[in-house]
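Features as listed in TrEMBL:
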- 50-471: domain 'Ammonium transporter AmtB-like' (DOMAIN)
- 49-73: transmembrane segment (TRANSMEM)
- 94-113: transmembrane segment (TRANSMEM)
- 133-153: transmembrane segment (TRANSMEM)
- 160-180: transmembrane segment (TRANSMEM)
- 200-222: transmembrane segment (TRANSMEM)
- 243-261: transmembrane segment (TRANSMEM)
- 341-361: transmembrane segment (TRANSMEM)
- 419-444: transmembrane segment (TRANSMEM)
Amino acid sequence: MAAAGFSCSAADLNPLLGANSTAAAEYICSGFDAISSKFVDTGYAIDNTYLLFSAYLVFSMQLGFAMLCAGSVRAKNTMNIMLTNVLDAATGGVFYYLFGFAFAFGAPSNGFIGKHSFALHEYPTATFDYGYFLYQWAFAIAAAGITSGSIAERTQFVSYLIYSSFLTGFVYPIASHWFWSADGWASPAASDLLFGSGVIDFAGSGVVHMVGGIAGFWGAFIEGPRMGRFDHAGRAVSMRGHSGTLVVLGTFMLWFGWYGFNPGSFLNILKAYGESGSYYGQWSAIGRTAVTTTLAGSTAALTTLFGKRLLSGHWNLTDVCNGLLGGFAAITSGCSVVEPWAAIICGFVAAWVLIGFNKLAEKLKFDDPLEAAQLHGGCGAWGIISTGLFARKAYVNEVYPGQPDRPYGLFMGGGGKLLAAQIIQILVIVGWVSVTMGTLFWVLHKLKLLRISQEEEMAGLDLTSHGGVAYEYNNGYAAEAVDQKNRFEMKSPVAF
């Protein structure tokens, strides 16, 4: 038995116990062996409990997405958008189990795609337990939830099922394999590191947020804007969601879940940095990661509050909530390797990135009801760059041990290699998602499976696709809704 530098054997104890003491020595050592095994078991239990709890937190973000999406659309599309969030989780669960996890983490594999553990075959292993699958599934469905917001209020229901299955079963897993699997060609754990560094995308500003945001961009771009979003002169018309209450509820749920998203990405907690017995270890890095996450989101919220006040003259609730989430999306890449002061800079810039992309979207007549493409795509890309600028050497070596001379942030004296790797990630994700999801949405458009008819859009998807309305304020409203549904069904067949 050996643990933490201590060993016990009968040969070691015999000289101390005197003659004919072999039996006593073996008895003592067997007791130490049992205690050591219990400590090992306890370590596994603590780490797996931490990972499972983090998975539950990340999964709770689905409720946040559902509430945020529901509050950000008009009342007549509330049931539709909430159902798509439920099905993102359900569809993603099946397809990530069958294919996605294997493509992402099935080892041994090549640098492009995983090749083992389809349907969790021969699972668990010494490397991965079931909690790891659950945690990664929660990440996969988060990417799908981002995309659903971009194409809200005008998309046929069948296309949601198709894109969600494809995204969680193939597109997202391939991207996560490249940057998170030990076999991935750009992973910081790869044997042959990209630019001697690999990409540091700790919790997924690129892998999750950019993948979901770019996919949403192509869906919204190919569909075109909602009816009435721009007037005949091309000027933007405000189409605010129906419930600020749901927006705030969803925002706080996402904020809460982000503490599983970022700190949970350490995957374990019981790990010492240096010698055992110190107050400083992975538990400290997890706490720091929670702090950087909080500061980036808080700074982005305040920056958006005052920035939009200067630009529009209003203290806007929805904009502040989106700004907060933009700060979170940005810090997700470097949350574990930057100082708290750098997280404040990251959040401040993220707010202006979101404001700038929203202005650009209006100029280009691009319509995203939840600003998901701008928020997750734009702020996620900034977060990846921010990591290449501010990653601290000591933190990089703690989180990614094994190579003492690993590059770190440009502004921290680490040269430009890490930043170069981060830029490669942005370009690769934009290209990969554009080729796959852009093509899928284009094919759905050509097959007339993507966008609903004008009559359906005017009546609302709750009536035309889901057989009712989310709210019945009074009998008159309910009667009017039923009458509108009957008029629609006389004009057009029910869509998928």
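Glycine residues also receive a Cβ, built from the backbone N, Cα and C atoms like all the rest.
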Determine which residues of the chain contact the transmembrane segment (49-73) at the Cβ level, with the cut-off under 8 Å and only residues 6 or more beyond its ends counted. 81-82, 84-86, 88-89, 131-132, 134-135, 137-139, 141-142, 145-146, 148-149, 152-153, 241-261, 263-265, 267-270, 318, 321, 369-370, 470
Mind checking which residues of the chain, 6+ beyond the ends of the transmembrane segment (341-361), have their Cβ under 8 Å from one of its Cβ atoms? 291-293, 295-301, 303-304, 307-308, 311, 322-323, 326-327, 329-331, 334-335, 367-368, 371, 373-375, 377-379, 382-383, 386, 390, 392
Interface-richest range of 94-113, 160-180, 200-222, 419-444 toward the transmembrane segment (133-153), CB pairs under 8 Å: 200-222
Taking the transmembrane segment (419-444) as the first stretch and the transmembrane segment (160-180) as the second, find out whether 3 or more Cβ pairs fall under 8 Å, excluding pairs closer than 6 in sequence. yes
Same-chain Cβ contacts of the transmembrane segment (94-113) under 8 Å, 6 or more residues past its ends? 119-120, 127-128, 132-133, 136-137, 140-141, 165, 168-170, 172-174, 176-178, 180-185, 190
Rounded mean pLDDT for the residues that make up the domain 'Ammonium transporter AmtB-like' (50-471): 94
Residues sitting near the transmembrane segment (200-222): Cβ under 8 Å, six or more positions beyond its termini, same chain? 139, 142-151, 155, 163, 167, 171-172, 175-176, 179-180, 188, 261-262, 264-265, 329-337, 366-368, 372-381, 383-384, 387-388, 391, 396, 399-400, 418, 421-422, 425-426, 429-430, 433-434, 437-438, 441-442, 445, 450
